[in-house]
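Q: Dropping the structure in here first, questions after.
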Ligand SMILES: CCCCCCCC/C=C\CCCCC/C=C/C(=O)SCCNC(=O)CCNC(=O)[C@H](O)C(C)(C)COP(=O)(O)OP(=O)(O)OC[C@H]1O[C@@H](n2cnc3c(N)ncnc32)[C@H](O)[C@@H]1OP(=O)(O)O
Ligand SMILES: Cc1cc2nc3c(=O)[nH]c(=O)nc-3n(C[C@H](O)[C@H](O)[C@H](O)COP(=O)(O)OP(=O)(O)OC[C@H]3O[C@@H](n4cnc5c(N)ncnc54)[C@H](O)[C@@H]3O)c2cc1C
């Protein structure tokens, strides 16, 4: 199919090599080539062909995705893939923006076995689980409790005579609920999204399991019922840590898809007039459309950068823990908590903005933006609700303030809290990314001190930490967000500095995106910078001008920057986001193919007939 002339023209501009940026995003040319190979292994294999999942009922969707997910597993085994990124490539190429039915087995059942099973148990369960000879799920949440783990009611009473645990969900609120991939007892019913996953309920009534079913690497029950505590009790939370550490990159992936669709479509879509008689411009030429999408384009790159960094950090900490060193578990937990919370929340807001920016066609499943949205938005609740996780980060920051007062060294990711920040020089309209980073770190430091002063005063008054925290939860959450933004911006600036050395032309365009991210973040909290007397009104006016100027620099690069995400059309599955930009013809073809247009609407005639007969 010929290339849409608008997109063809967009691809003749640009100042950097798209392929080199794709290689950087993938982690090197070899990784790009391997990703292409794996995608083709799926896309050329007829077993992965099937009905357009956007037209399917919940039951049909589950069946079709289960069929495909089993094919994904076979393909992954056939190709001897064990790298999680490569396995995810095969998975994403097949799932058409859905979450597959066996996802929880991979991300929430295998991981705890890896982390908390002793060698014997690994042989017994981890090895067959990795081969899908046993399929598992993660049944923690109950009808009455999800966030408050210590409030869970399920019982495991030890029967010393039989060396068994007797499992019970003693109350209705104790019923296990939301259990992804729970194939025994029942499905909890239709949901907002996640149609490919059978989130189940599980009632336990005197279910007996052997003593050695308790994962024993981090704590065990002896034959006489004595409980031997794990060296570090917090490691039992580790199974939630793994998914949280991975979700920032999942957020980046989903936002990159949405931004690709919206920016390509905004170049194809012509609407209204700027100069009368000069034809309808591309909607991406409107400043308001750029103001919707360019900060999100910058955010997608920022989130990808920090998502890769978080996964590396987490993997290092897990290796340390496997060797018995727990000193970085707390930092890993609060980084994963803050990044998972902020990134997934801003991603679902961003996907919605992308959908709105495509007008009516964004609301059609032909765009796939609604599919990406309803499947992504779960990640702001699942694996730790947003506020719950931000409070974890906030409590850690309050401890950092005490550590600072006591001269205890801080973890590297919060070291900036110990830095002194002088009020900025007057800003013009070309503030560099390092100055923007300093400002964002300054705000986080000041906010942490400000919140800590309130919590301390409350603690003095009540002597109760939980009460003190509860009274200031709103500003504690804001404090955690401010810190997390400092972590994101630091990762982005660090990566762009590195790329400026290795590939100056790519680095330059990414530094523009980094400035857009930083300026947008500062303008979103401009009142704080005035209140803390770090910036003046003139500074804020200047960086507002800078933002609009940056949009003009990014405009000719925008399509190339989303092309660099390198989504194959069959992976993106969006008519608005097609690489060739042939939207209208394919929208019409897709609509005509809808089963709704094929069914004989006998019901229509039957009921309208009744109206006519009713002699209204
Ligand atoms: C082939 C590959 C396919 C790839 C597929 C890719 C696509 C996938 C897309 C999406 C997949 C997503 C699937 C989602 C499925 C969802 C699953 C679930 O939801 S499972 C259930 C999740 N539930 C939760 O997260 C519950 C949240 N609540 C809690 O974690 C806890 O209740 C709490 C909020 C942390 C409170 O804990 P507690 O009550 O014990 O009190 P605290 O005092 O706050 O904590 C005690 C100390 O423990 C430390 N802590 C807490 N949590 C952790 C942790 N996780 N790790 C380490 N340390 C932790 C805490 O800091 C306290 O420490 P101190 O202050 O005492 O030092
Ligand atoms: C798509 C999806 C898949 C899931 N898959 C699984 C799975 O496979 N296995 C599993 O075990 N669970 C699963 N879950 C459940 C999930 O882990 C919980 O929904 C999540 O932990 C939130 O807990 P909750 O639902 O009890 O919400 P609640 O904690 O009841 O939250 C309700 C509101 O109360 C607020 N709140 C609660 N506690 C506090 C507090 N201390 N301070 C301030 N505000 C508070 C929250 O911020 C929120 O606004 C899944 C959920 C979803 C949506």
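Keep in mind that glycine also has a Cβ here, set from the backbone N, Cα and C atoms.
Dumping what TrEMBL says about this protein:
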type     : residues : note
DOMAIN   : 17-135   : domain 'Acyl-coenzyme A oxidase N-terminal'
BINDING  : 141, 180 : FAD binding site
DOMAIN   : 237-398  : domain 'Acyl-CoA oxidase C-alpha1'
ACT_SITE : 383      : active site, proton acceptor
DOMAIN   : 432-611  : domain 'Acyl-CoA oxidase C-terminal'
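Show me how these features fit into the structure around them.
A: Mean model confidence of the domain 'Acyl-coenzyme A oxidase N-terminal' (17-135) amounts to 96 (pLDDT, 0 to 100 scale).
A 10 Å cutoff on Cβ-Cβ distances gives residue 180 (FAD binding site) a total of 24 other Cβ atoms nearby, all chains included.
Residues within less than 8 Å, Cβ to Cβ, of residue 383 (active site, proton acceptor) and separated from it by at least 6 positions along the same chain comprise 240, 243, 244, 247, 340.
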Q: Is it possible to get the count of other C-beta atoms within 10 angstroms of the C-beta of residue 141 (FAD binding site)?
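A: Excluding its own Cβ, residue 141 (FAD binding site) sees 18 Cβ atoms within 10 Å.
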Q: Which of the three DSSP states, helix, strand or coil, fits residue 180 (FAD binding site)?
A: coil
